[in-house]
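Working notes, structure below.
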Amino acid sequence: MDRVVDFVEHLQPYTELATPLDFSFLHAKVDELSVSLGLGSDQLCYVLCLFAAYPLAVVYKLLPGASLKHVFDVVLGVSIAQFVLGSGWVHSFISSFLTYLIVKFGPSKHAPGIVFLFNMLYMSASHIYRLYVDYMGWTLDFTGPQMLLVIKLTSFAYNYYDGVVDKTFEKKGAEMSPGIKKVYEGRQKLAIQEIPSLLEFFGYVYSFTTFLAGPAFEIREYLDVTSGKKFLMDGKNKEPSSVLAAFSKFLVGSLLMAAFAVYGPMYPLSNLHDPKIAAQPLLYQIRDLYIALIFCKAKYYSAWKIAEGATVLCGFGFEGFNKDGTSRGWNGVSNMDILGFEFSQSIRAASRAWNKGTQNWLERYVYTRTGNSLMATYFISAFWHGFYPGYYIFFMSLPLATAVNRLAFKRLRPRFIEADGSFGAKKKIYDVLSYLLTLFAMHYFVMPFQVLNKYL
């Protein structure tokens, strides 16, 4: 492994040459500000870019024509990548460009599988390298955006495959069961019928509001929004305002970020292994650990919601029109259903509410393409996250918990429903118990995910 590290260091001067933008002045100012705020400079760079996306999104919305928006995305996205990641930005370019070449010139039938394997191996090599040089480190580097890029690039390959290569639905759609037919109909909605231009493709890859923290969505959404096709009704562009929706997401994200900044240090994750906490009565342990995890989740909630708000302000995430012409809403690229997660009554519901972009990716491009295998889906999810043992303990525990949930729903839930099928007081008891048990189970299972390895 030392030889690999030496080889990577040998390549460093070349990656520096591929990073022409000089942000040394801005980095110096960020370093000064990070000292006064008590925040790591890498984290502060992320946060500044998340907030800077809002005024830039206003400019983006005013740009006439799709081509200008693609150029804007590429220029800003690459600039943000170099500002935050330095020479690490080249990984996004290498993996994206090679993916484009594979899809365009590779064997069309096998291109999605090749792209999936290539990007997962590239991501895995990055995780392993980081494990070696920064074990248990929390520095924000290129691996975070690269994980999002894996979602974008693999879905892009499958979207082209579904639109051009796979004719299963066209030939056998009428014979399919309702469940299978629904899956294929969903694929057709996201499919693309031709290879996008390099400008369109890299505009999607470096979309400036999504590159650092998501949300990651399919290229069909990107192309339809930038071209204006998403907002057509009766042949006319009737795009509704997204300002209020974007502001509400920004407000939620900002409040959660403030809560994390103020109260997070008071309830650190080190509480998960504090001997003083362990010596307390069980209920007090549960209370303190739950509070610590609340503020841990707030960190993710805030970043996702702030990034989502800027993305919505650009016009992405529109859910379409009702029959009367009114808007259905702007949650089409929502990455987090906070209330849905916090008050879920099953492991499955909680999983679907958390990091929805990743959950959609796993369902559309892993679960439904591996014979609905939960084990394969959770394994790929763990593999995507990295190689700390905690990831595998967490994700390999979920299939069993999900199976128990399904069994309880099938066998126990009917006992809490009235004879006439109505929901009475007994059903409310079932709902409360389901909520509490799911709450305890999720926070118990997530412990290894948070401590990763050191305290396992």
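Yeah, the Cβs are placed from backbone N, Cα and C, and that goes for glycine too.
Taken from TrEMBL, the feature transmembrane segment covers 44-63 (among others).
Residues 12, 15-16, 18-19, 21, 23, 26, 42, 45-46, 49, 56, 111, 114-115, 118-119, 122, 126, 140-142, 145-146, 149, 153, 156-157, 198, 201-203, 205-208, 211-212 of the same chain, all 6+ positions outside the transmembrane segment (75-102), place their C-beta atoms under 8 angstroms from a C-beta of that stretch. Per TrEMBL, the feature transmembrane segment maps to 75-102 (among others).
The transmembrane segment annotation in TrEMBL covers 114-132 (among others).
Residues or ranges marked as transmembrane segment by TrEMBL: 243-263 (among others). Same-chain neighbours of the transmembrane segment (243-263): 47, 54, 57, 295, 298-299, 301-310, 312-313, 317, 329-331, 338, counting only residues six or more beyond its ends whose CB sits under 8 Å from a CB of the stretch.
If you look up TrEMBL, you'll see 391-409 (among others) marked as transmembrane segment. Cβ atoms under 8 Å from those of the transmembrane segment (391-409) belong to residues 346-348, 351, 374-375, 378-379, 381-382, 385, 434, 438, 441, 445-446, 448-449, 452, 456 of the same chain, restricted to positions at least 6 beyond its ends.
Per TrEMBL, transmembrane segment is recorded for 429-446 (among others).
Distant neighbours of the transmembrane segment (429-446): 286, 289-290, 293, 343-347, 349-350, 394, 397-398, 401, 405, 408, 412-413, 416; these residues of the same chain sit at least 6 beyond its ends, with a Cβ under 8 Å from one of its Cβ atoms.
Here the transmembrane segment (44-63) has long-range neighbours at 27, 30, 33-34, 37, 69, 72-73, 76, 80, 83-84, 140, 208-209, 212-213, 246, 250, 257, 303, 306-307, 309-311, 313-315, meaning same-chain residues at least 6 beyond its ends whose C-beta is under 8 angstroms from one of its own.
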